[in-house]
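Colleague: In case it helps, TrEMBL gives these features for our protein:
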- 5-27: transmembrane segment (TRANSMEM)
- 80-102: transmembrane segment (TRANSMEM)
- 114-137: transmembrane segment (TRANSMEM)
- 157-178: transmembrane segment (TRANSMEM)
- 199-219: transmembrane segment (TRANSMEM)
- 270-294: transmembrane segment (TRANSMEM)
- 301-321: transmembrane segment (TRANSMEM)
- 341-366: transmembrane segment (TRANSMEM)
Amino acid sequence: MALQVLGITLSMIGLAGTIIICALPMWKVTAFVGTNIVVAQVFWEGLWMTCVYERTGQMQCKLYDALLDLDPTLQASRGLMVTTMALACLGFLIFLMGAECTNCLSNPWAKGRIVVASGITFILSGLGTAIPVSWTADTIIRDFHNPVVHEALKREMGAAIYVGWVTAGFLFVGGAILCTSCPPERVKQLSRVFEQISAWVAISGWICAIFTRTLPVWIVTGVVDNSTDTLSLYWDGIWLNWQDRSIEDMHCHFYQSLLPLAGRFNSWKISINVLLGVGAIPIMIYIVSVTFLSRNVRIKAAAGSFFILSGLLMLVIMSWITHFTNSDLDTAITLKRDWGAAVYFGWIGSVFFLIGGGMLCAWWWFKPAPLPQGQIMTPSAPLQEMADPLFAMHHDAFVPSIYGQTTRPL
């Protein structure tokens, strides 16, 4: 009951946040860059309207005139946010049918499955919130660093973007808690499948880390205007780089010496090797726990903690690389750089690490506690007798005698 209350509370906070960010016009705000920016006015752009806020305290808002003239990103964000709100409301209605505090259904098995379905619905709502918010943030960042876009038209991320990320987190966590609040019998049956899925998700993150280390496409040539269309295509990795002058002419070579490389390349190389070593530790711990200590849940939770540590380390490495790549866009360097495929593999691997490790750790917390010794039901007891309310009273009233433990006549 407590888990259901916690899960639905977090989900309702996420639903309220979704409604707020859908209505707020502060998805994009004026970026104060350059020397010709008018600071007397602040422009806010949302999903449904645009507003102008003056320093005198006055604000004027105007709805968009035509839907077809809008940016495709804005149109897609509109549709996803409306779908997200509908899914969250549907998840709340589904929860009311299967909650323990309601009498819509009497079968506990059916009620547990309905609550799990509502949790899955809230998780989908969180995904539907994270996609348009992240998509809009990526568009804002790319336009901000694009030299073709005039400084007066550049925007920054508004309050709705940050509230959207927090809202998606509430929906994810609330839906996950509802999915783990099913009856203990159901949890016991799904324990093995849940652990295997968690482990394979985390191991997939380690495989993505291997691809990230191996691929030579950490940083690639970024075409930001027409002046870089005729340049050769460069792929830079931590072990070798490629140069592609044409489709048939491609050259690759390893770095001859490590010392002439930039300090960040050496740091990335050391960090990714440490990451692979840290990621291999929980895999060995999990294999040992499954093979020899299958009933010890704490060891599996320890493996999940190492997976989470690996995910955080990979998150730091990928954030470092993306920050370095974005910082060069504002400089006078002719050959710009963009994110390569290895960076995206790294982001995906960090998500797999965090999700898989979090599921393994969460299973230790949400696993039902064993029954006391006096309340353990023997498998040979008939089901109807155990369902009888007088069975527990009779079971506790009669104290086992020492004579029942003998194997020969006294």
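Every residue gets a Cβ built from N, Cα and C, even glycine.
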Colleague: Does the chain bring the transmembrane segment (301-321) near the transmembrane segment (199-219), so that three or more CB pairs sit under 8 Å (pairs 6 or more apart in sequence)?
Modeller: yes
Colleague: Do at least three C-beta pairs under 8 angstroms join the transmembrane segment (199-219) to the transmembrane segment (80-102), pairs 6 or more apart in sequence?
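Modeller: Answer no, regions not in contact.
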Colleague: Which range out of 114-137, 157-178, 270-294, 341-366 gives the transmembrane segment (80-102) the most CB pairs under 8 Å?
Modeller: 114-137
Colleague: Of the listed stretches 114-137, 270-294, 341-366, which one has the most C-beta pairs under 8 A with the transmembrane segment (157-178)?
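Modeller: Against the transmembrane segment (157-178), the leading stretch is 114-137.
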Colleague: Please indicate, using numbers and ranges, the residues of the same chain that are 6 or more beyond the transmembrane segment (114-137) and have a C-beta under 8 Å from a C-beta there.
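Modeller: Same-chain residues near the transmembrane segment (114-137) but 6 or more away: 4, 7, 11, 14-15, 18, 21, 27-28, 73, 76-77, 80-81, 83-85, 87-88, 90-92, 94-95, 97-99, 105, 157, 160-161, 164-165, 167-172, 174-182.
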